[in-house]
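What follows is a short report on a single structure.
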Amino acid sequence: MKMPLKKMFTSTSPRNSSSLDSDHDAYYSKQNPDNFPVKEQEIYNIDLEENNVSSRSSTSTSPSARDDSFAVPDGKDENTRLRKDLKARHISMIAIGGSLGTGLLIGTGTALLTGGPVAMLIAYAFVGLLVFYTMACLGEMASYIPLDGFTSYASRYVDPALGFAIGYTYLFKYFILPPNQLTAAALVIQYWISRDRVNPGVWITIFLVVIVAINVVGVKFFGEFEFWLSSFKVMVMLGLILLLFIIMLGGGPNHDRLGFRYWRDPGAFKEYSTAITGGKGKFVSFVAVFVYSLFSYTGIELTGIVCSEAENPRKSVPKAIKLTVYRIIVFYLCTVFLLGMCVAYNDPRLLSTKGKSMSAAASPFVVAIQNSGIEVLPHIFNACVLVFVFSACNSDLYVSSRNLYALAIDGKAPKIFAKTSRWGVPYNALILSVLFCGLAYMNVSSGSAKIFNYFVNVVSMFGILSWITILIVYIYFDKACRAQGIDKSKFAYVAPGQRYGAYFALFFCILIALIKNFTVFLGHKFDYKTFITGYIGLPVYIISWAGYKLIYKTKVIKSTDVDLYTFKEIYDREEEEGRMKDQEKEERLKSNGKNMEWFYEKFLGNIF
């Protein structure tokens, strides 16, 4: 059984990681020195003599000889290499754009309906704190040595089996998200054009063709397109926050000053049901809200996927991490705080949206707008929802293809998915991801909104499992740095709290993963569909990890044996070159005066 499986992939099976040599064998066994073309040396401007890279065809098993084959980042030849065309502004906007979608615009309505305003605010704030620590840990690793996705970090710093598990768990998540977003887009359009007039499959096809075209032409165009699309989303969110603030103060047409009225009546917390009341009922509702807060934040960790295509990642990744954290505070916490003040959890309009489609009619923002007496904005808002869904689907398809590519590069998926086009697009991985988008046609039915909620459950679990893995990998990475005496003060970015913050976030991420759907046990009838969709990610993750470990007999890499140096010199040099370019840019900005470029760098660059 082993041989056919091994032949499918680019690498032979990893061996036990009991030394630095065996760790290199385990993680880089797929890298054949003869596969690297000489022109790779020119592309990365590497002085082979200076870096002691003298023989790529050496058959020596010593670390130095084997390291010679790793002079080119990622060990990829011209046909399996991504293009480093993403700037810091692209990375941060792709990350925030991938998470600003239906989860925030529409999912907040279900969260408010489930737990009440304060329960929703606390849940979003707490999950936001976990996201902050997770992003910080990811940022430290990604800015030290950027690798291709989570699977590469897990395989290199912990265990190849963990890399396999998170790689496929994350892949399944992003096989599900694009078709689900396409379904949501078709449902949004039904706000204007009913399914009786135009079959939703028509809209799905149109959106799919456009999104595939954007992903095919290369990451530079994709990054620029997504930057402007996400910038529009940022502007919309800022506008909505301002509008909610005005409505709360009584600035709407009805001039009704709301203040904290709905926190008092009907209350800050909602009881779960008539059977579970009082403090117990409110606590149950509070815990139930975590499902929706998780879904709203999912995708914000995309920085770890796109950093391998980043220009000067040691500068761009930390900046993207910091900007993402600021946006969490503004977009998520300000939004849910103001929503809880403008809409009561027992509002008739909000109650009437329960179980409805993902159009503007199901959004708490529209409820707040309509309650204030504004008539025309719901149609404009629905158009904004459509843009949000389109952008999220665009990012999701990108991540799906890049994650499959990373698995292939790491030797954990068929090598055919590692091939890239002349624009640096992993076209075979993209084709398979597009094929899964066909699931969207199955979702277009009268019960599609219910199916969407089931997918929310699945994606939420896959999302938090990816956060758990990032935190585990960081803990091992930090332990290896301390064991090998690496001074973190010289890092481009260091996570606040470091391992203590990681342990804190890991504990609560695991706790939330275990209890997030416990409400299925509280009703009179066991909701097996919600239970299965809510927890199916756990057995998938565990079976993937255990199966790979049993087949390939891998072991957790010792802290003293973890490879913390391969590719480091290349990124050190790239960082130095980037610093020189930044100095030239600063001098140019000073000489040119305060023009638009200066204005963007100093002000707009901190927003977009």
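Each Cβ is built from the backbone N, Cα and C atoms, and glycine gets one as well.
Database features (Swiss-Prot):
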REGION    1-77  region 'Disordered'
COMPBIAS  9-20  compositional bias 'Polar residues'
MOD_RES   SER22  phosphoserine
COMPBIAS  65-77  compositional bias 'Basic and acidic residues'
CROSSLNK  LYS76  ubiquitin cross-link
TRANSMEM  91-111  transmembrane segment
TRANSMEM  120-142  transmembrane segment
TRANSMEM  157-177  transmembrane segment
TRANSMEM  202-222  transmembrane segment
TRANSMEM  232-252  transmembrane segment
TRANSMEM  286-306  transmembrane segment
TRANSMEM  323-343  transmembrane segment
TRANSMEM  373-393  transmembrane segment
TRANSMEM  424-444  transmembrane segment
TRANSMEM  455-475  transmembrane segment
TRANSMEM  502-522  transmembrane segment
TRANSMEM  531-551  transmembrane segment
Beyond the flanks of the transmembrane segment (424-444) by at least 6 residues, Cβ under 8 Å: 81-83, 85, 174-176, 178-180, 182-183, 186, 195, 199-201, 204, 208, 212, 215-219, 309, 397, 400-402, 404-405, 408, 416-418, 451-452
Contacting positions for the transmembrane segment (373-393) when only residues 6+ beyond its ends and CB under 8 Å are counted: 97-102, 105-106, 177-178, 181-182, 184-185, 188-189, 191-192, 207, 210-211, 226, 229-230, 232-233, 236, 252-254, 299, 358-361, 363, 365-366
Stretch of maximal Cβ-Cβ contact with the transmembrane segment (120-142) [cut-off: under 8 Å; candidates 232-252, 286-306, 455-475, 531-551]: 286-306
Most Cβ pairs under 8 Å with the transmembrane segment (157-177), selected from 202-222, 286-306, 323-343, 502-522, 531-551: 531-551
Cβ-based contact of the transmembrane segment (286-306) with the transmembrane segment (202-222), 3 or more pairs under 8 Å: no
Among 202-222, 323-343, 502-522, stretch most in contact with the transmembrane segment (531-551) (C-beta, under 8 angstroms): 502-522
Chain residues in Cβ proximity to the transmembrane segment (323-343) (below 8 Å; excluding those fewer than six residues from its ends, i.e. six or more beyond): 92, 95-96, 100, 104, 108, 111-112, 116-118, 120-121, 124-125, 128, 131-132, 135-136, 234, 237-238, 240-241, 244-245, 247-248, 258-263, 296-297, 300, 303, 350, 364-365, 367-368, 371-372, 606
Cβ-Cβ under 8 Å with the transmembrane segment (455-475): same-chain residues at least 6 beyond its ends: 103, 107, 130-131, 133-134, 137-138, 140-141, 150, 153-154, 157-158, 162, 165-166, 169-170, 172-173, 176-177, 180, 291-292, 294-295, 297-299, 301, 304, 495, 499, 502-503, 505-506, 509-510, 512-513, 516-517, 530, 533-538, 541
